[in-house]
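Novice: Below are the features listed in Swiss-Prot for this protein:
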| type | residues | note |
| --- | --- | --- |
| ACT_SITE | Asp13 | active site, proton acceptor |
| ACT_SITE | His41 | active site, proton donor |
| BINDING | 12-18, 40-42, Arg306, 332-334, 414-416 | GTP binding site |
| BINDING | Asp13, Glu14, Gly15, Lys16, Asn38, Ala39, Gly40, His41, Thr130, Arg144, Gln225, Thr240, Arg304 | IMP binding site |
| BINDING | Asp13, Gly40 | Mg(2+) binding site |
| BINDING | Val300, Thr301, Thr302, Gly303, Arg304, Ala305, Arg306 | substrate binding site |
Amino acid sequence: MSAFIVLGAQWGDEGKGKMTDYLAQGADVVVRFQGGNNAGHTVEVEDKKYKLHLIPSGILYKNKVNVIGNGVVLDPKAMFEEVEYLKGMGVEVTPENLIVSDRAHLIMPYHRALDGASEKHRGKNDIGTTGKGIGPCYTDKAERSGIRVCDLLHPEVFKEKLKSNLEIKNAIITKVYGMDAFDYNEICEEYLAFGEKLKPFVKDTSVIVYNEIKNGKKVLFEGAQGNLLDIDYGTYPYVTSSNTIGGGVCPGAAIGPTMITSAVGIAKAYTTRVGKGPFPTELLDEMGDRIREAGFEYGVTTGRARRCGWLDTVILKQAARVSGLTSFAMTKIDTLAGIDKVKVCIGYDFNGKTIDYIPASLEDLALCKPIYEEFDGWDESVADARSYDELPLNAKKYLKRIEELTETKISIVSVGPERNHTIEVSDI
């Protein structure tokens, strides 16, 4: 039995798409368990670059089962647009290789409208949402007024729930935000058509995933975003609306914790963040710009420039602790090549006291000053390295120190964007 989690150990954008794609080679099933089409990752295979947002990365392989779990919020329009995009790239998506949970909640047009309107209303206190309707959909889920995929398969149930929701949503949209109301008939027609298209893909994914694990198949659970965007343990309120830590697999895919055998945290060799919120190691100078351009740090979904800084092992230690990580996969080592001195944050100075954890209060985190260790950099390109021994000596010293500081082994090192730019150091 083998069921393992792949998730982001920082603020997202760590290279999960590439690493999930690589690890999916040895998996039979790939499962998304939280988030929605607000996630964005790029996978490069030979001369093609695939940009995925919702469909699991295993779709790029033949004979893999890909699952959109119950913890995902599903925008059916976005899903079928991605299906068509993949077909245009030569990737077939069928009910045989993509299964959608009947319990997943649906993102509705009013969710997207409310997402954008509430963000605009916040003004300078905006969160930095992608505007995809993720948060409002999870809000309805928590309020128990959400509409699920299974409702689409029962048109009369869907119509009644849509009518009830629209009465409230239209009141908010028109009276609070001064926007035009949504038309019931238009949404009804559009979504019932989606229901017909979705029907062949819809199953009870919990039963399928459970049986696959029980029968000895390898199941990979693919996280979206990153540990510090977790709704409970991230840098709240600048977080996403779901549980992105390892434990989120259990409710998001409906399996028990004892079925998980390992968890791999994906981390860049430096740190990036999109949007607002404290960022202790952020570099607001030429070095930050250099890392951004060398690593092409711009969002797949939004195109926004990412904030860049030195590696923060306080963040990685927290990820290892709260997600039960058994190893790290380090990406973007190649981006640091050519830098004379490389720094790593080993702790924070908080009002004169050294701490090695992330305070819950953002006001306290903003007062934390990074305590650095400095390392000699490496001029050699690492792109041609295909084994750990072929890496530059200083790069290996850098990675070894990360293992010591986080008390977690590094199982994989990525030296470039393509599948073959991957070095397996140990078993995951």
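Note that Cβ sites are derived from N, Cα and C of the backbone, with glycine treated the same way.
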Novice: When you measure from the Cβ of Gly15 (GTP binding site), how many other Cβ atoms are you left with inside 10 Å?
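Specialist: There are 23 such Cβ atoms around Gly15 (GTP binding site).
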Novice: Looking at the binding-site residues Thr130, Gly303, Arg306, Val415, whose Cα is closest in space to that of Asp13 (active site, proton acceptor)?
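Specialist: It is Arg306, whose Cα lies nearest.
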Novice: Select the closest residue to Gly303 (substrate binding site) from the following binding-site residues, measuring between CA atoms: Gly15, Lys18, Ile333.
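Specialist: Spatially nearest to Gly303 (substrate binding site) by Cα position is Gly15.
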Novice: Specify the count of other C-beta atoms within 10 Å of the C-beta of Ile333 (GTP binding site).
Specialist: 25
Novice: Max CA to CA distance in Å over the IMP-binding set Asp13, Glu14, Gly15, Lys16, Asn38, Ala39, Gly40, His41, Thr130, Arg144, Gln225, Thr240, Arg304?
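Specialist: Site span for IMP, by Cα atoms: 34 Å.
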Novice: Counting other Cβ atoms within 10 Å of each residue's Cβ, which of the recorded positions His41, Arg304, Arg306 comes out lowest?
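Specialist: Across His41, Arg304, Arg306, these recorded positions, the one with fewest Cβ atoms within 10 Å is Arg304.
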Novice: What's the CA to CA span in angstrom from Lys18 (GTP binding site) over to the residue listed as 'active site, proton donor'?
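Specialist: If we compare the Cα positions of Lys18 (GTP binding site) and the residue listed as 'active site, proton donor', the gap is 8 Å.
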